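Q: Before anything else, here's the structure in question.
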Amino acid sequence: MIFNINNLYSKLIDNSSPSNIRKLTIAIIILTVITAELRMHPFDSSFRFGLGVITFAFAALYIRQISLSTLTFGVAIAILTFRTLGDFYFSGDVLEALLTNIPGAVYYLTFGILIKLTNVNKYYSNPLVQGIILGVIDFGSNVIELTLRWLLIYEPIFSTSLSLKLIELFIVGFLRMIIVTGVYSSIRQYHLEAINNVERQKRREILLLTSNLQSEVFFVQKSSKDIERLIYDGYSLYEQLLENEKPELANMALNISTNSHEIKKDYDRIISGLRSLLKPPSLKGNTFTELVKLMTEANIDYAQKMGKEIDFITDLRVDFYPTNPMMIVSIINNLASNAVEAINYKGQIKIIALCNNESNLQISISDDGPGLTEEKQRLIFRTGYSRKGNCIEKRSTGLGLTHVDNLVSYLHGSININSAIEKGTTMLITFPVETVVKEWYFGETNRSEKYPL
């Protein structure tokens, strides 16, 4: 129901041109007049409780593109015109029909004016308060309508217990407005969840893209340092060849060193440019558990896109704020995505984190895929190899696991593989606590969760 209302509303306001806004206003006015005829007469008089105010209040709260003043006066005039014409048709007395229905029009006029004066929209985050205020507005508008009926057509509405009638007015008004705020809050919550889901998905995609690019930057930076050592070795060789009076070979060594220096400068410019472009979402306030959840959700999406049914299980017995969250994200994401790729169609991936002593942090990522032979375990971190499909048989870019090895080494950690054919693979990473833990988080620990496909 909410989904259908949301789609209808979206179609109506997607193109908020003056023409569409007028059409929408007219449609709401007509709908209010129609629903107002769904009524009951509680006091044996022309006074009525109708459902039109529910339509009117909902539109006033939810559809902000429409002018509340225009809607209020439009509804009041339409109600007066429609009811007067109807009564005149049956009674033949236009003045009596007009006087009978003026109070009803004044009710909607008062209701709209009070909504505008109280600015009840600002209480959207507190439906109960909003419902109470709307109930009081409904009650006050009903009292004004009843008073006008007594003044204009002398209806003896208050001939019985006044307090009982006022209580009845308040209860009915409150119930009607609870319906309005309930539907309004449900639709608003639906919108917020949809927006949050989209934002989380975008943030996840940006984060993954950025972490992958930053790991590439790290790889280029490592190459730049290797080139720097090559420059130093080349220049040392140049000096030795000069001392040995071999000028031709010395010049060749000098040229190699000079050209390497130019390549290094290009690498440094690339690194600088990429770093200036990469502005990832801030992860400084995220705990390790939150990062794992983010990576798990991303790889669930990845598995679904590959047509695989994979359950993710996390067992995080420690939590902390990482010193370098982007590196942690890149390591976990690469290992998890490789596990997804290794599983044929249906399987399970488990992520465990614990401290085996006060100085070491261990993170393991296990899958129940086809496993690896001993030879392939030795080759897995070499550039150009990848766990595509069931095993490492195809040459590819193969940089993901190479990056993992480099990043783990950079953080002074180690990575070990435990794998058996048809039994799966476990990647066990061990870090010194001081290189990865910025601050321990002592909130909820031992967080075990299962993320079914």
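The chain as shown is numbered from 1 upward.
Keep in mind that glycine also has a Cβ here, set from the backbone N, Cα and C atoms.
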Q: Which range, 102-120, 311-329, does TrEMBL list as transmembrane segment?
A: 102-120
Q: For the annotation transmembrane segment in TrEMBL, which listed range does it cover: 70-90, 427-447?
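A: Residues 70-90 are the ones TrEMBL records as transmembrane segment.
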Q: Go through the chain and flag residues at least 6 beyond the ends of the transmembrane segment (70-90) whose CB is under 8 A from any CB in it; none is fine as an answer.
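A: Distal contacts: 25-26, 28-30, 32-33, 36, 52, 56, 59-60, 96-98, 100-102, 104-106, 108-109, 111-113, 116.
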Q: Let me know the model's mean pLDDT on the domain 'Histidine kinase' (324-435).
A: 82
